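Noted in TrEMBL for the protein shown:
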BINDING   Ile13, Gln14, Gly15, Arg28, Thr93  substrate binding site
BINDING   Cys32, Cys36, Cys39  [4Fe-4S] cluster binding site
BINDING   Trp38, Cys39, Asp40, Gly95, Ser137, Pro138, Lys139  S-adenosyl-L-methionine binding site
BINDING   Thr41  Mg(2+) binding site
DOMAIN    19-232  domain 'Radical SAM core'
Amino acid sequence: MTGLQVNEVFETIQGEGFWTGTPSIFVRLQGCPVGCPWCDTKHTWDLLPNNLRSVDVIMQENEESAFYFSASPESLFALFKDKSYTAKHIVITGGEPCMFDLVPFTELAHKKGYSTQIETSGTFSISCSEETWVTVSPKINMKAGMPVLVSAMQRANEIKHPVAMQKHIDELNVLLQESDLTQGNNKQNEQSALIYLQPISQQERATQLAVDTCIKNNWRLSVQLHKYIGVE
Ligand SMILES: C[S@@+](CC[C@H](N)C(=O)[O-])C[C@H]1O[C@@H](n2cnc3c(N)ncnc32)[C@H](O)[C@@H]1O
Ligand SMILES: Nc1nc2[nH]cc(C(=O)O)c2c(=O)[nH]1
Ligand code: SF4
Ligand SMILES: [Mg+2]
């Protein structure tokens with residue numbers, strides 16, 4: 001399936017992880033079965049046939065909704081042009097974007113001179129261009145009980161883990177071990193993934209825990225900058 005079901009498209013600054021601060025076009029895909037209780041995009045969970053709308057209706061919305069439009073890769077680049085977007089970095093998020101085959105869209109993007117990035121939970125196998133920067137935000141022990149795939153962890157350029165309690169850090173350490181990604185395990189000529197901790201919902205205690213743990217492990221902090229500066 002090359003068609004993508006798109007909840008929203010917007011241009012802003014990447015607020016999370018390695019690319020923080022980079023002007024980016026966000027393509028948010030519809031549908032996610034994982035069920036994180038603290039998810040900040042719950043409106044993207046259901047992919048209901050009745051919620052299909054035209055691209056024009058979706059682009060005129062100014063509130064979060066569960067409506068989506070259907071797009072081919074080519075039509076998305078026409079939309080970027082129509083909106084006069086200037087960013088050269090595309091972030092594909094969701095929902096869970098890896099429910100879709102992202103090879104056609106990401107390869108076309110690179111051909112056109114964009115860089116691309118996927119934000120994924122690691123619960124689906126990842127189909128994208130080799131050049132795509134993959135951010136895996138592993139979802140361990142969530143409602144749907146879907147396992148995080150070792151193949152996703154090993155494809156990741158960046159592992160960005162949402163944390164609120166010590167339990168979340170312990171779970172990450174187990175997953176890193178199971179995925180053969182503990183520090184020093186990276187194979188020759190392979191860059192090991194960067195590890196970020198991201199406090200859940202800007203909670204003060206979560207932020208302090210993330211800061212302390214990053215310092216202890218020489219990991220990095222990601223604070224959802226967009227939520228602090230009030231952009232999308
Ligand atoms: C909404 S998810 C969509 C992409 C994909 N389903 C995933 O989970 O990576 C995008 C990013 O936001 C993070 N996120 C979602 N809700 C959050 C929250 N309340 N606090 C911090 N990060 C959150 C996720 O962990 C993920 O890194
Ligand atoms: N500015 C901004 N940066 C982001 N980085 C990841 C996001 C996401 O929802 O996946 C996101 C988002 O929604 N907005
Ligand atoms: S996997 Fe991502 S989109 Fe799905 S519920 Fe969790 S945070 Fe939300
Ligand atoms: Mg977001």
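Here the Cβ of each residue, glycine as well, is placed from N, Cα and C on the backbone.
All TrEMBL annotations are machine predictions without curation.
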Span of Ile13, Gln14, Gly15, Arg28, Thr93 around substrate - largest C-alpha separation, Å: 15
Candidate with the highest Cβ count within 10 Å, taken from the binding-site residues Cys32, Cys36, Cys39: Cys32
The residue listed as 'Mg(2+) binding site' CB neighbourhood, other CB atoms within 10 A: 15
Local backbone state of Ile13 (substrate binding site), from DSSP in three classes: strand
Cα proximity to Thr93 (substrate binding site), best match among binding-site residues Cys36, Asp40, Lys139: Asp40
Tertiary neighbours of Lys139 (S-adenosyl-L-methionine binding site) (same chain, Cβ under 8 Å, six or more apart): Val34, Cys36, Ser121, Gly122, Thr123, Met146, Val148
Chain-internal residues near Asp40 (S-adenosyl-L-methionine binding site), provided their CB is under 8 angstroms and they sit 6+ positions away: Ser201
